[in-house]
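The structure appears right after this line, and notes come after that.
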């Protein structure tokens with residue numbers, strides 16, 4: 001027999017007197033998450049586990065507080081961790097395309113950058129000053145005069161040797177020119193040509209000997225020039241070292257604990273000594289040379305860039321380990337990038353244009369990212385996994401990763417990296433990664449699984465009150481009184497679709513808090529009451545219920561044909577749930593069945609028209625199993641039947657209407673009419689047991705709204721599975737109608753209980769002979785099926 005629910009069973013009612021406070025102003029703010037003990041324990045484990053590859057995936061539905069809890073928990077864990085190193089990129093004097101990465105204790109990187117900048121500025125003043133000294137000029141002049149004298153002496157000696165051999169020597173741009181002498185003067189071309197062959201041959205022989213001497217002299221002069229340059233360079237280096245040495249030594253003393261930094265400082269000093277001319281060349285250009293001056297100024301500026309320090313990661317203001325939440329995780333934002341600037345129409349870059357990514361900033365700490373964003377943006381997921389595999393961050397252009405031509409050949413030295421990755425996503429993404437990404441299980445060993453609900457216990461109710469208090473104070477809301485808190489808990493229970501649970505979708509709860517505060521303000525109240533919370537909920541529904549109202553109008557205008565009174569054969573009112581994303585409501589639908597003699601069996605019209613999902617098809621097949629077990633143990637089930645959701649032009653899926661369809665089929669076969677004032681929901685198994693379904697609350701309210709619009713008769717109601725008793729949380733309006741006897745909620749455990757309520761006849765128990773008593777529904781169904789069989793037999797004979 002169907003069980004009629006009492007009004008007190010239709011909703012979880014929270015008694016405001018369970019709270020000892022008057023308003024939430026009396027409560028202390030509370031940090032952390034509510035009702036997620038398993039997730040909290042997993043998060044604590046993941047954050048405490050320092051072993052490699054114990055990265056964390058936080059799984060849960062949007063709005064359950066995943067992100068806010070992740071930020072809170074990670075920041076708390078980071079406080080007790082050591083502050084990681086600063087990182088800088090500097091010029092590589094041996095290979096400019098391979099910038100060098102230097103690390104420092106936290107806060108030292110910025111100091112090193114400033115110290116190097118100060119050194120360069122000092123040296124750009126001191127070096128030119130050193131070369132302007134009288135002492136330097138004297139030493140330089142001494143060296144210059146020495147080699148000038150040596151050159152003059154060598155030329156004089158060569159002239160003397162040539163004169164003795166009858167030649168004069170002239171030094172010209174093209175080299176050494178030899179001219180024969182006659183009687184102490186230079187011989188003209190005409191005089192030379194007038195000589196006899198013997199005389200010319202004699203001169204040529206002497207010239208050959210002289211040219212050997214000339215070549216040797218020129219070679220010695222070249223050696224002199226080389227020695228002169230070397231000695232001058234040595235002098236310049238001595239002077240430069242005098243200007244540079246003490247400054248560089250001070251810098252080396254300051255950073256003596258960093259061997260790699262010392263090596264860089266030594267290389268920097270060697271670079272300066274080898275390029276002292278860059279410190280000595282002033283750029284003075286007249287107005288007519290403005291373009292050239294700009295170019296030279298830019299060129300010299302570019303040269304001194306190599307002595308700058310690119311402070312990539314500065315942890316001077318970081319306390320504990322860094323926590324970076326990157327919610328725009330493009331490849332460059334995560335992995336770092338080399339930026340480009342335009343110079344005279346050409347895109348160029350250098351080590352100073354290397355920019356840190358989120359992994360650099362989170363190095364030694366934690367990086368929080370959203371799974372959907374990481375997986376949807378190109379190359380990011382592979383980049384993170386590559387870091388986890390190699391334990392280093394390599395800055396590469398996306399073109400390199402794609403195998404395309406890169407704009408730059410620069411390859412910065414990779415930086416060692418140790419980051420705990422915290423990915424926030426939904427359960428589906430977790431399952432997909434776990435199944436299809438072979439690396440995921442290896443690198444993400446900790447699952448923090450958020451529940452969508454929590455038990456409705458006193459402890460959780462009090463913690464929810466603490467949350468309401470904390471959130472309200474954080475946003476400067478008016479205080480909530482006890483009745484308001486009780487209403488919010490009831491709303492949370494309704495969202496959880498269970499009288500034993502509270503929803504953990506805190507984003508929807510906080511929306512109600514914001515809106516209740518507004519209604520209290522408009523009402524002129526100093527305290528938010530339960531009435532303000534109720535108004536906030538109702539007003540929000542009213543803003544989103546346009547589609548529901550439109551469908552109700554169409555039903556009232558008989559464009560959608562549904563009866564809520566009387567009886568009909570093969571017709572019943574089913575219930576479905578429409579989820580619009582921001583609004584959910586129940587929708588009554590007419591389900592019909594027809595049956596006649598035949599051998600086709602039960603045909604699902606939705607399936608035949610390709611409007612049926614797999615689960616709905618399964619439900620229809622279960623009906624076939626029920627009919628066979630119930631009525632065809634001794635003879636075949638000889639009938640043709642059609643089941644249809646009338647005026648349904650979209651897809652139909654789910655098995656929550658399988659009991660409804662079965663009732664319609666039994667009516668169509670037996671000819672017994674069904675009550676149209678009772679709407680039905682519930683799935684069924686092959687043994688006729690009614691199984692629980694989802695959305696029971698919305699389905700009941702959907703049919704109630706239709707009945708109310710048509711006029712409540714006092715007999716109307718909804719029949720739900722008995723196992724859904726704890727899942728309904730109806731609105732006060734529906735409960736009041738039940739209290740007044742205008743609307744009824746029935747719960748059934750079996751098809752037999754349901755068919756008795758719908759027909760007013762007993763279902764019937766099978767006897768030892770396999771027969772049902774006359775006057776029962778099952779007897780009528782079996783008799784009709786037997787008649788179908790006889791009709792078919794008769795037809796076969798004919």
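Positions of Cβ are set from backbone N, Cα and C atoms, glycine also.
Note: TrEMBL annotation is automatic and uncurated.
Annotated active site per TrEMBL: 656 (among others), in sequence order. In the three-state DSSP assignment, the secondary structure recorded for residue 656 (active site) is coil.
What TrEMBL lists as active site is 699 (among others). When secondary structure is read from DSSP and collapsed to three states, residue 699 (active site) falls in the helix class. Sequence-distant contacts of residue 699 (active site), defined by Cβ-Cβ distance under 8 angstroms and a gap of at least six in the same chain, are 575, 576, 577, 586, 679, 681, 718, 720.
Annotation source TrEMBL lists coiled coil at 530-557. For the coiled coil (530-557), the residues of the chain that approach it from at least six positions outside its boundaries are 16, 480-481, 483-484, 486-488, 491, 511-512, 515-520, 523, 578, 580, 582-583, 585, 587-588, 702, 705-706, 709-710, judged by C-beta separation under 8 angstroms.
Residues or ranges marked as domain 'Lon proteolytic' in TrEMBL: 566-761. Per-residue pLDDT, averaged over the domain 'Lon proteolytic' (566-761), rounds to 89.
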Point to revise | Cβ-Cβ distance under 8 Å to residue 656 (active site), same chain, at least six residues away | key: 575, 576, 681, 682, 683, 693, 694, 695
